[in-house]
Structures are given as C-alpha cells and as structure tokens.
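Found this in TrEMBL, in case it helps:
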{"type": "COMPBIAS", "residues": "245-255", "note": "compositional bias 'Polar residues'"}
{"type": "REGION", "residues": "237-267", "note": "region 'Disordered'"}
{"type": "TRANSMEM", "residues": "12-35", "note": "transmembrane segment"}
{"type": "TRANSMEM", "residues": "95-114", "note": "transmembrane segment"}
{"type": "TRANSMEM", "residues": "121-139", "note": "transmembrane segment"}
{"type": "TRANSMEM", "residues": "145-166", "note": "transmembrane segment"}
{"type": "TRANSMEM", "residues": "178-197", "note": "transmembrane segment"}
{"type": "TRANSMEM", "residues": "209-230", "note": "transmembrane segment"}
{"type": "TRANSMEM", "residues": "293-314", "note": "transmembrane segment"}
{"type": "TRANSMEM", "residues": "334-353", "note": "transmembrane segment"}
{"type": "TRANSMEM", "residues": "373-394", "note": "transmembrane segment"}
{"type": "TRANSMEM", "residues": "400-421", "note": "transmembrane segment"}
{"type": "TRANSMEM", "residues": "433-453", "note": "transmembrane segment"}
{"type": "TRANSMEM", "residues": "465-486", "note": "transmembrane segment"}
Amino acid sequence: MELCYRWRIACTLWSCLEVVCFAGIIYGWGSLVFILKEEGFYSENCRDASPSSNVSLIPGSVYNVSVIDIHNQSIDLSNRTLACDEQEEKLNLCFSIAVGVMYSGLAIVGQLSLRLGTRITRIIFTFLYSVGFLCIAFATKENPWLLLPGLSFISIGGATVFCTTLQVANLYTTIQTTIVALLSGLFDVSTIMQHLIKVAYEHGISRKHSYLFFCGLGIVIFNVQTFVFLPKDHVRRQPCDSQKPAKSQRPTNETDTSKALLEKEKDVSDESRRTVVQNADDRLITHILSFGYITHTVWMSVSVLLFVSFIGLLNTWLSTMSNDSKIVSYYLDVFAYATMSTSVTAIIAGFAYDWQRNRFRGSAIPERYFRPVCFPMAMCWLFGTLSYLLPLVFDSLYVVLPVFIMFTFYRSFLFAIGIAFVTEAFPVKYFGVLYGTIMFSVGASSLLQYAFFAWSKSYDSAFTHVNIALLTIAILTCYQPIVLWIRGGIPKSTPDNDINNMELIINPPKSEKC
C-alpha cells in the first residue's frame with residue numbers, strides 16, 4: 001500500500017512543499033522580467049528605435065545607462081529617457097504564450113492521467129519541467145528564443161504538479177474542500193520563488209546559478225512525491241477512522257445507541273449518494289454538456305483572463321504612476337510578499353464554501369450542488385471588481401496596497417472555489433478530464449491578455465481605456481452566482497433511486513460482532 005494512505009499527514013505536508021516551491025512559479029513573471037530587462041533581452045529593438053517610431057521622449061535624470069531600465073522600460077538617449085514599448089511587448093508575448101500553453105495543455109494532462117495514471121504522467125512532465133528550468137538558465141541576450149520553450153515547459157510542468165497533487169484532498173473526507181483551498185493558496189504563494197531569484201540576482205547571484213539550483217531541488221522533491229507518496233494510479237477516497245465501525249464495542253445506553261444510529265444513517269446516506277451517481281447517466285460527455293459545467297467553464301475563462309491581465313499589466317500600471325525605479329521596485333516587492341498570504345486567504349475561501357455546503361446539506365440535489373457556491377463566487381466577483389475599480393477612481397500610489405489586498409483575495413477565491421466546485425458537483429473519476437477541459441478553455445481566453453497589453457501601449461490614454469474594458473468584463477462576471485442560485489431553485493425530476501426518495505432502514509447493532 002502506498003504511503004499516502006498510512007502517512008497522510010506526511011504526504012500532505014510534502015505536497016504543500018512541492019506546490020509552494022514549484023507549481024505556480026510562472027506567475028512570478030513580474031520578478032523574472034525585471035532580471036531579463038536588466039540583462040538586455042530584446043534591447044536591440046530599443047536601440048534601433050527612433051523618436052518618430054511609436055516611442056516617446058521623457059525628461060529624466062538617468063545618465064550613463066547602457067541597458068534597459070527595468071521599471072519604466074526605457075534606455076538613456078542623450079540625457080533623455082526613451083520609452084521602449086517594443087522590448088516589453090516581446091517579453092510579454094512570451095509570458096502570454098506560456099500561460100496559454102499551461103492552461104491548454106491541462107486538457108492533455110487530464111487525458112494522460114486518466115489513461116496512464118498519476119505516476120507515468122508525473123514522470124513525463126517532471127522531465128519537461130527540468131528542461132524548462134535549463135532553458136531559462138542558459139538563455140542569454142544573444143539566444144533569447146530559449147525563453148519561450150523554457151517558460152512554456154515550467155508553466156505546464158507546474159500545472160501538472162498542482163493537478164496531480166490535488167488528489168491528496170481525497171485522503172480527507174471531512175475537510176476535503178479546505179485541503180483543496182490550501183493547495184490553491186500555496187499555488188499562488190509559489191510566485192515568491194521568482195522573487196527570491198530576483199533578490200539573489202540583486203545580491204550578485206546570477207540567474208543561471210539560481211535556476212540550476214531550483215532545477216536540482218525540483219528533481220529531488222518531484223521524485224519523492226512520485227515514487228514514495230503518491231500511488232501509481234490515483235488516490236482513492238478513504239474513510240476516516242472515526243467512521244470505521246468499532247466491532248468490539250456495544251452501545252451501553254440510549255445515548256450511545258442514538259449516536260450509533262446517526263453514524264449508521266450517515267454511512268448509508270453517503271453510500272446511497274454514490275449509488276445514485278453510479279446508476280445515473282454517468283458518461284463523460286453528459287457532464288461536459290451539462291448546464292452547470294458550461295456556465296462554470298465560461299466563468300472561469302473570463303475570470304482567469306482578468307487575473308492574468310492584472311499580472312501582465314502590473315509593471316505598466318506602476319510605471320504610469322511613478323517614473324522612479326526604486327518606488328516601482330518597492331511595490332513589486334510588496335506585491336510579491338502579498339502573494340505569501342494567499343495560503344491564508346485561500347483557507348478563508350475554503351471555510352466559506354464548507355460553511356455554505358453545511359447549510360444546504362439536506363437540500364435537494366440541484367440546490368445542494370449549485371447554491372453553496374453562490375456566496376463565495378459573489379465574494380470573488382466583488383474582489384475582482386474592486387481590483388480594477390480602485391485604480392480608476394484613485395490615481396495615486398496610496399491605492400496600490402488596497403488593490404493588492406483585493407487582488408490577493410480575488411485570486412484565492414477564484415482558484416479555490418473554481419476547483420472545489422468541480423470536485424463537489426461532478427464525479428471524482430472525471431476530475432482530471434473536466435478540470436483539464438476547463439483549463440483548455442481558460443488557456444484559449446488567456447491569450448487575449450496580450451491583446452489588452454498591446455492595446456495599452458497603442459496611444460497615450462490607452463492604459464486607462466484598457467482598465468475600463470477589464471472593469472466592465474469583471475462586472476459582467478456576476479452572472480454566474482446569480483444563474484447558479486436560480487438554477488439551484490429549479491426542482492429536478494427525481495428517479496426512483498434518488499436518495500431523497502429512498503426509504504432509509506437502519507438496523508441497530510444487535511451483538512458485539514456488529
């Protein structure tokens with residue numbers, strides 16, 4: 001038997017370590033692009049640019065600068081600052097493609113996991129992850145093309161690590177949603193790894209050495225999880241010790257008998273629920289074409305587009321408010337540290353979902369699945385809307401910290417609730433395929449992030465107009481909790497074997513053998 005069943009606490013802690021170190025490292029792009037610009041990647045586009053070609057000359061006090069200034073994307077030219085949009089567009093295009101590859105590739109990951117099992121899938125993508133680290137480590141100003149495969153491999157590799165590690169939540173029958181939320185929060189925290197590489201770079205440790213170190217560390221951590229803790233196929237749901245019948249004990253009074261009856265009723269109810277799911281039309285295509293899955297896929301696609309666009313435009317937003325590179329660097333550091341709190345905010349999101357699930361536990365099937373997610377989704381919508389509204393209303397650096405707080409809650413609720421809803425409303429055996437299909441749609445929509453970025457650079461007030469467009473999209477995402485609430489109130493035709501129509505017969509223990 002795999003160690004995950006016997007040592008589930010150790011397996012969970014190792015899973016947290018794996019996710020926090022490597023799963024979402026691609027989203028530390030703001031720190032990596034700092035290093036790439038400092039090293040002059042694609043800076044030849046700036047040298048060849050002239051003041052008449054989509055650039056602007058801004059008075060500045062930077063002298064004797066030979067490479068790109070990171071935060072205002074500029075180079076020195078005759079004691080003036082030449083804005084370099086071309087360089088940032090090239091780098092941002094690499095990031096957009098890598099994010100698209102990550103989300104789109106998860107559809108393939110889901111199929112591989114279903115057919116080949118967890119171990120083979122992780123071996124394949126651990127290799128790709130290592131290749132990605134090596135590509136970024138050996139990428140130079142003269143060979144910038146290595147960035148694209150490097151970013152793509154670490155993005156899809158990290159997503160595979162996260163997707164396969166989520167099974168650990170099946171080891172816990174009572175706090176499954178909270179474990180999913182915790183891992184989702186740690187996925188966001190992993191962006192801090194790129195920031196640590198940036199700090200090391202500023203203290204004299206080269207990007208190459210940092211990535212080689214993380215490559216070696218990743219190989220060790222991945223292999224321990226793959227071959228020691230996780231099973232060859234999938235992690236099956238295991239009953240808690242408290243749910244296992246005590247064969248050597250017999251109720252001695254009326255209170256103990258009542259408790260035994262309640263436990264028996266709970267076990268029979270859970271078993272009946274599984275029987276209903278198995279006897280229903282359980283084909284994969286049925287779930288993919290279901291109302292709840294389609295609307296959830298659209299909501300996730302649009303919401304992740306907002307999430308990716310915020311990160312891609314973060315450097316530009318800060319640069320529009322301050323031309324001081326030290327101030328911009330300070331707020332980039334604050335943003336990186338703020339992501340460390342997502343493990344806490346994700347748990348808050350998980351608790352909110354579990355609280356709603358307990359409220360609707362005795363409800364009919366449509367209401368039980370759809371309405372518990374409405375409240376946390378509404379909170380996610382609120383945080384996302386405020387993340388784009390506050391920068392429009394307050395054009396000041398004082399609003400940066402509140403926006404970071406709102407965005408931290410937004411990303412936690414988005415991924416924690418988005419994943420937990422799939423695990424709750426659909427069969428566990430199809431999770432990899434269903435989640436991968438959602439991520440494929442998310443990947444296609446996230447490519448629009450580059451269009452928003454190019455738009456923000458097209459004319460003087462373009463960034464404000466882009467922010468207004470993204471705010472409008474964020475406001476429109478309120479449709480999902482409203483639609484799910486209405487859908488949950490529509491009675492579903494119940495078959496004969498529906499657990500709500502079943503006659504529950506409980507036989508109390510009669511002897512010590514029970």
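Glycine residues also receive a Cβ, built from the backbone N, Cα and C atoms like all the rest.
Curation does not apply to TrEMBL; its annotations are automatic.
On a predicted model such as this, the values are computed, not experimentally measured, just so you know.
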Would you confirm whether the transmembrane segment (400-421) and the transmembrane segment (293-314) meet the contact rule of 3 or more C-beta pairs below 8 angstroms, pairs 6 or more apart in sequence?
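Between the transmembrane segment (400-421) and the transmembrane segment (293-314), contact is present.
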Would you say the transmembrane segment (121-139) and the transmembrane segment (209-230) are in contact under the rule of three or more C-beta pairs closer than 8 Å, pairs 6 or more apart in sequence?
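As far as Cβ distances go (cut-off 8 Å, pairs 6 or more apart), the transmembrane segment (209-230) and the transmembrane segment (121-139) touch.
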Between 12-35, 95-114, 334-353, 433-453, 465-486, who has the most Cβ pairs under 8 Å to the transmembrane segment (373-394)?
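It is 465-486, which has the most Cβ pairs under 8 Å.
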Do any residues of this chain, six or more beyond the ends of the transmembrane segment (178-197), have a C-beta under 8 angstroms from a C-beta of it, and if so which?
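Same-chain contacts beyond the flanks: 12, 15-16, 19-25, 27-32, 35, 158, 162, 165-166, 168-169, 172, 207, 210-211, 214, 333, 336-337, 339-340, 342-347, 349-351, 353-354, 408, 411-412, 415-416, 419-420, 423.
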